[in-house]
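What Swiss-Prot records for this protein:
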type: ACT_SITE; residues: 129; note: active site
type: BINDING; residues: 76, 77, 78, 114, 115; note: substrate binding site
């Protein structure tokens, strides 16, 4: 039953993978998602005029905090010593979309993809929370890993990585 699944034991029960024998390497991951708003809500967000305050600064802090707590939220994730975590936003007022991008890095035995994804998603959920008083039909979508480097599997670049954009320094 567990054949091919690293997080299942021989009986099919969940288990945490033993990474103790792996070599520590520098690992970096970039993840993204989108928050779709109405034009009216976007105008409030862009001018920091939402009733709850400045959504983007709050979301940035929430995303960074979430990256540091990923192992507490995702049951089989290893706690990692993060070297860096950041959250950035591309506010597209014309499309009424906030593109959230999160980056995390470490020197460890396992990757930081989940930390980057968690940071992006929690930042997006924080934007949702900050905007829900003025809009009920907000959509959070397109959560994905854009880039990862380090470790045995090497570098992954999503087809959605922007053309011409340099890869992060690993």
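Even glycines carry a Cβ here, placed using N, Cα and C.
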Spatial separation of the residue listed as 'active site' from residue 115 (substrate binding site) - C-alpha basis, Å:
21
Which residue, of the binding-site residues 76, 77, 114, has its CB surrounded by the fewest other CB atoms within 10 A?
76
Of all the recorded positions here, 115, 129, which one's CB has the most other CB atoms within 10 A?
115
Max pairwise CA distance, angstrom, over record-listed substrate binders 76, 77, 78, 114, 115:
13
Reduce the DSSP letter at residue 76 (substrate binding site) to three states and note it down.
coil
Inside 10 Å of the Cβ of residue 78 (substrate binding site), count up the other Cβ atoms and send me the figure.
16
Could you give the Cα-Cα distance between residue 78 (substrate binding site) and the residue listed as 'active site', in whole Å?
28
Applying the rule Cβ within 8 Å of the centroid of the Cβ atoms of 76, 77, 78, 114, 115, what extra residues of the same chain belong around the substrate site?
70, 71, 74, 79, 80, 110
When DSSP states are folded down to helix, strand and coil, where does residue 115 (substrate binding site) land?
helix
